[in-house]
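Data block below; observations after.
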Amino acid sequence: MRVNRAWWGLVVLMLPTLLVAMDMTALLLALPQLSADLGATNLQQLWISDSYGLMVAGLVITMGTLGDRIGRRRLLMIGGAAFAVLSVVAAFAVDPLMLIVTRALLGVAGATLAPSTLALITNMFRDARQRGRAIAIWATCQFTGGALGPVLAGFLLQHFWWGSVFLVAVPAMALLLLAGPVLLPEFRSDRAGRLGLADVGLSLAAVLLLVYGIKQLTVESVPVVPAVALVVGAALGLLFVRRQLRLRTPLLDLRLLRNRPFTAVIVALVLAGVAMAGTGLLVTQYLQSVLGFSPVMSAVLFAPMGLGVAVGTMAAPALTRWMPQTAAIAGGLVASALGSLLLVGVGGPGALPLVMIGIAVLALGTGPLFALGTGLVVGSVPPERAGSAASMSETGNYFGGSLGFALLGLLAAVVYRSRMGGLSDSLAGAIAAGQRLPADQGAELLHQARAAFTASLHLTGVIAAVVFAGSAVLVHTLRQTNRSTPATLPTYETTRA
């Protein structure tokens, strides 16, 4: 396709990517207000926030292969239309159950978006450098949207009702449906993976159980149910892998993992997700519960995390003019490790600037991984398998984030409880208990709790630094003779609607 048309097509793909990311993070700020309005219990609030992500994680593999089979543009149009309609339904939900079900269906629609847009970008831009810039812009939209979402929610919630948060994505989806058929070409492959019901069911059940088990590990006091979910999910996952390795046309082509650069980048994406999610969890709580900022102000102060990734992804393609892609990725991860170590020094009057600088450097360093690494993943496979490769990349990102929340959150909780000596299980509990005590005793308890939580943040910074450094070593070991991937991709079948 013509270059100008390809770039205009990218603009069409950018808007829904940006606004859907904003919409999803904005919900976190709207949750208290909508819960009060709908009368949602704590358990219902958990499902309102998690049902979308669970369905995306469970179906992104299936949707990547489905796009390869029926056409990536067609799947994107179907998903965009469904997302717009369901967003309106969610905005006018009348009870918690209606909102939970709608959010789950939004997850089904949302699972079509990331693999379809990324696979289309791979096919639209056949020149390696142009493809790298396009993927960098795509990644920038994701992280910028995530950073700006809470800020947008704060504005909307001050002027409108909570349902307005869900309506943000509707205009972008309308533009996608109008301009997509004109500016986006259709791509499909006759050699795409098969969509057997057993394969789809196994992948969905395995991912849902694993993600659910990981998330619940830090919630349940006696983690029997999460443990059972993890064991059953792992067993179903192994069964799914065995089936895929035996099938001639599998749902998920695991042979892609034989490609060492592909596998190394996927692992690095998972590890980066672990470090970023765990760090983000502790930093946001630190801003609110230790430094005392409001949720809206905390979201503003945390924005350097998302904006840092956005700047890093935009700058990444330029780095390949002076160094190999793997060197740029590894160097960025080293910077992320240094940014994580800055969090170890947090404490005292200068805590806020150090936190903001630390998360900004951490995020900036991950930019080359998300831009160039994602490009290596989808660019190292035949174009007819780009949807499958994109779905593996997205699944890795989501698993990494879930693991980061659970594992680093669990370790932080252990450190906090050991420092508190049984006085409190959480910082929120200590704050609530301190309000019921005499002023001097409450102040002492709160001081001890904040010091214990700060120690948890220090540990998280050290672990994140080790994870980033290990990822840098992994990527650096890859041998790459050229500074970029081949200038052109293999020939592929193009089908225009």
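Note that Cβ sites are derived from N, Cα and C of the backbone, with glycine treated the same way.
Here's what TrEMBL has on this protein:
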type: DOMAIN; residues: 9-482; note: domain 'Major facilitator superfamily (MFS) profile'
type: TRANSMEM; residues: 46-63; note: transmembrane segment
type: TRANSMEM; residues: 75-94; note: transmembrane segment
type: TRANSMEM; residues: 100-122; note: transmembrane segment
type: TRANSMEM; residues: 134-155; note: transmembrane segment
type: TRANSMEM; residues: 161-184; note: transmembrane segment
type: TRANSMEM; residues: 196-215; note: transmembrane segment
type: TRANSMEM; residues: 221-241; note: transmembrane segment
type: TRANSMEM; residues: 293-315; note: transmembrane segment
type: TRANSMEM; residues: 327-348; note: transmembrane segment
type: TRANSMEM; residues: 354-378; note: transmembrane segment
type: TRANSMEM; residues: 398-416; note: transmembrane segment
type: TRANSMEM; residues: 455-475; note: transmembrane segment
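Here the domain 'Major facilitator superfamily (MFS) profile' (9-482) has a mean pLDDT of 82 out of 100. Panel annotation: around the transmembrane segment (221-241), residues 199, 202-203, 205-210, 212-215, 252, 254 of the same chain, lying at least six beyond its termini, place a Cβ under 8 Å from a Cβ of the stretch. Long-range contacts of the transmembrane segment (100-122) within the same chain, counting only residues at least 6 positions beyond its ends with a Cβ under 8 Å from a Cβ of the stretch, are 9-10, 13, 16-17, 20, 44, 47-48, 51-56, 58-60, 62-64, 66-68, 72-73, 75-76, 78-80, 82-83, 86-87, 89-90, 93, 131, 134-135, 138, 184-185, 187, 374, 378-379, 383, 386-387, 389-391, 393-394, 489. Comparing 46-63, 134-155, 161-184 for CB pairs under 8 angstroms to the transmembrane segment (75-94), the maximum falls on 161-184. Long-range contacts of the transmembrane segment (354-378) within its own chain (CB-CB distance under 8 A, at least 6 residues past either end) are made by residues 118-119, 122, 128, 131-132, 135-136, 139-140, 143, 261-262, 265-266, 268-269, 272, 275-276, 279-280, 283, 286-287, 301-302, 304-317, 319-320, 325, 328-329, 331-343, 345-346, 386, 389-390, 392-393, 461, 464, 468, 471, 475, 485. Taking every recorded stretch in 46-63, 134-155, 161-184, 196-215, 327-348 and counting its Cβ pairs under 8 Å to the transmembrane segment (293-315), the highest total belongs to 134-155. Touching of the transmembrane segment (46-63) and the transmembrane segment (196-215) is concluded from the presence of at least three CB pairs under 8 A, sequence neighbours closer than 6 excluded.
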